[in-house]
Amino acid sequence: MSTRAEFIKGHGTENDFILLPDPDGTVGQYLGGQTVRRLTDRYSGIGGDGLIRIVRTVDVPEAEDQADAAEWFMDYRNADGTVAEMCGNGVRVMAKYLFEHGFADGSSLTLATRGGARIVHAEPDGQYTVEMGTAREMTGAGAPELDSGHRWPEVTVGMNDRSWPATAVAVPNPHAVVFLDHLDGVNRTGSGEDADRADVPDPAAPGLPVTEIGALADLGMLTTVPTLSPEPVFPDGANVEFVVDRAERHIALRVWERGVGETRSCGTGVCAAAWAAMRRDGATGAAYTVDVPGGRLRVTERADGELLLTGPAELGARGSIVL
């Protein structure tokens, strides 16, 4: 049994999605994992980092507690067909669709997600700001206790025969943030034994692509699934962010998304990295600029701990597909 559905292709800082509007709540029954994988395949399908079904919250039993606050629910799927809590870039793209197609009035709306309700604001410059909720560290003093009363140990990320210590952050989906403090010998303050070498790229150089910045370039192609240890910290896997500094309160990163691979951007990953950088720098409650291969985002932490993610959203092609 099959059906034909409308789709729209959109992206936020080149983190791209297939949007499936489902105002009647009839499309979800056709979205098994195999179908999602087929649609997001970049060779045999439409292609995308993920798929967003736009459905009324009242038609989603698991989100009934959010129905009074949010008319629309983000049913987000990773490219491998697995279900995810939410997607920060995807929330902006979904909001743009709802605003432009007359499903939302004014300059703000609330969207329901598996990670909780998210308020989105349309900015005068055409960008969108999402209230992403609060982050929490999953290691150290802020971690949940084990049954024995011990805390989770620090986590380690491994890839391509290399390993790094990481900070585990929930936003609310899990992330492992790796700070690559040395850029070919240049540390985050701009000093170091190689600081004056002419062949060392200046991470603050305008226009320098993220993937060409020192330690981020040294990572090479991120084609191997990262290992995460100890495994109990991430029972369902995690996104991994590799982070370097470009300037004061200005970072750049590359991200490996669980169920997808390396992507051009990740909204929750940007929030996790900025949140961790604020605590590393003793700058809680600050605003950080974050560069990703797909563009630039801004993360601001309010006094109450709420993270605000600001960035662009674009809608492109549209058509219909057989599910």
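Each Cβ is built from the backbone N, Cα and C atoms, and glycine gets one as well.
Quantities reported herein were computed from a predicted structural model and do not represent experimental measurements.
Taken straight from TrEMBL:
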{"type": "BINDING", "residues": "N15, N78, G88, N89, N173, N239, E257, R258, G267, T268", "note": "substrate binding site"}
{"type": "ACT_SITE", "residues": "C87", "note": "active site"}
{"type": "ACT_SITE", "residues": "C87", "note": "active site, proton donor"}
{"type": "ACT_SITE", "residues": "C266", "note": "active site, proton acceptor"}
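G267 (substrate binding site) sits 6 Å from C87 (active site), taking the C-alpha atoms as the reference points. Note: G88 (substrate binding site) has non-local neighbours G12, V130, M132, C266, G267, T268, V270, C271, L309, i.e. same-chain residues 6+ apart with C-beta under 8 A of its own C-beta.
Under the three-state DSSP scheme, N15 (substrate binding site) falls in the strand class. Across the structure, the residue listed as 'active site' and N173 (substrate binding site) place their CA atoms 9 angstrom apart. It is C87, among the active-site residues C87, C266, whose Cβ has the fewest other Cβ atoms within 10 Å in the structure shown. Ranking the binding-site residues N15, N173 by other CB atoms within 10 A of the CB puts N173 at the bottom. Counting Cβ atoms from all protein chains shown, E257 (substrate binding site) has 27 others lying within 10 Å of its own Cβ. In the three-state DSSP assignment, the secondary structure recorded for C266 (active site, proton acceptor) is coil. Per the record's binding annotation for substrate, residues N15, N78, G88, N89, N173, N239, E257, R258, G267, T268 show a top Cα-Cα distance of 17 Å. Other residues of the chain with a Cβ within 8 Å of the Cβ centroid of N15, N78, G88, N89, N173, N239, E257, R258, G267, T268, the substrate site, are G50, A84, C87, G90, V255, T263, C266, G269.
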